[in-house]
Ligand SMILES: NC(=O)C1=CN([C@@H]2O[C@H](COP(=O)(O)OP(=O)(O)OC[C@H]3O[C@@H](n4cnc5c(N)ncnc54)[C@H](O)[C@@H]3O)[C@@H](O)[C@H]2O)C=CC1
Ligand SMILES: O=C([O-])CC(=O)C(=O)O
């Protein structure tokens, strides 16, 4: 069995060291060493995400962990001539090594949906996976930022929070549910309808990451466009059903992987920039929140050296968005409570 750790070259000390890395677009100022671990790195999301993180000049060490197939993925990615050292880890006894010294842990481990399933239908399998990975994070890299991709995000983030609380390591500034794909979709769909250049579009998406809990705020979308109410309704529904659109198109072969890897890489890059002290890095994410009465909620978050610097409010909402907000609360509350209960009972 392939159990050996694959390294492109030996992984250096995990201490944060300042090194001079001149990169186009990043200036030639010193860039600290940053270790990023991906758990579930050999999966549909994990592989392209590993590729994209290997291309990120802010990463110095890339640890790829999965229960199967990581040596091949790590060997493959490690040949790319970019800054980071790549190491592959497989089997539970190597999980500690994969995690140690990590600044950011990205978790796309778990099963994806098939047609006809909701994200909550994944709870029975993925809740246990997230629970055991969170326990390992608490043990081996308690100060790392965690980017949770595994579904149902509305429950897996509360599970991780409870496991960290039990271990005495919970830091609400460092736990993020990745909802960036909802923003990516909202931007793409808005650009098409509003006929504005997609690279200029900004749309906040708040709430959670499942069905009606996904609430895009098209009233705040820029560049402004005078869309009709029926267009806003259509865009909202399409954003909420974006995941299902891909699940159905893949017809049993999984859910969004490539667009998710892109979204995961965008969000991890934002976290790295925040850690490195780049000012005004703002992304939407599902975090511990007092923006509503719910304990976790997705909204715009300013990222800084300690993770969350500020959870931003919702801003002015249209009547349609206010209705959507009230409609989503019971479902999101139930999903959060389900996660908390699971973490504390099992
Ligand atoms: N947050 C979001 O916006 C999105 C979340 N997802 C979710 O991401 C998750 C992964 O999706 P895919 O990559 O398409 O699935 P996949 O089945 O292709 O890959 C999952 C990987 O996780 C690994 N894995 C399973 N148990 C593990 C464990 N205990 N430790 C480490 N690795 C483990 C598997 O070996 C596999 O390689 C699913 O739960 C999916 O619903 C998918 C798309 C968007
Ligand atoms: O829909 C799914 O199951 C995967 C997902 O979260 C998404 O694509 O937004």
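Every residue, even glycine, has its Cβ placed from backbone N, Cα and C.
Just so you know, TrEMBL annotations never went through curation; they're auto-generated.
The domain 'Lactate/malate dehydrogenase N-terminal' annotation in TrEMBL covers 35-177. Regional average pLDDT for the domain 'Lactate/malate dehydrogenase N-terminal' (35-177) in the model is 98.
Residues or ranges marked as NAD(+) binding site by TrEMBL: 40, 41, 42, 43, 44, 45, 46, 66, 126, 149, 150, 151, 260. In sequence order, 40, 107, 108, 109, 110, 126, 129, 130, 156 make up the list of same-chain residues 6 or more apart from residue 150 (NAD(+) binding site) whose Cβ falls under 8 Å from its Cβ.
Of all Cβ atoms in the shown protein chains, 26 besides its own fall within 10 Å of the Cβ of residue 185 (substrate binding site). What TrEMBL lists as substrate binding site is 113, 119, 151, 185.
For 179-342, the entry in TrEMBL reads domain 'Lactate/malate dehydrogenase C-terminal'.
As annotated by TrEMBL, active site, proton acceptor applies to 209. There are 28 other Cβ atoms within 10 Å of the Cβ belonging to residue 209 (active site, proton acceptor).
Annotated pair residue 151 (substrate binding site) and residue 44 (NAD(+) binding site), C-alpha to C-alpha distance, rounded: 14 Å. With a CB cut-off of under 6 A applied against ligand 2, the binding-site residues 40, 113, 119, 126, 150, 151 are reduced to 113, 119, 151.
Among the record's substrate binders, 113, 119, 151, 185, no two C-alpha atoms are more than 18 Å apart, and one pair sits at exactly that spread. The candidate set comprises the binding-site residues 126, 151. Of these, 151 has the most other Cβ atoms within 10 Å.
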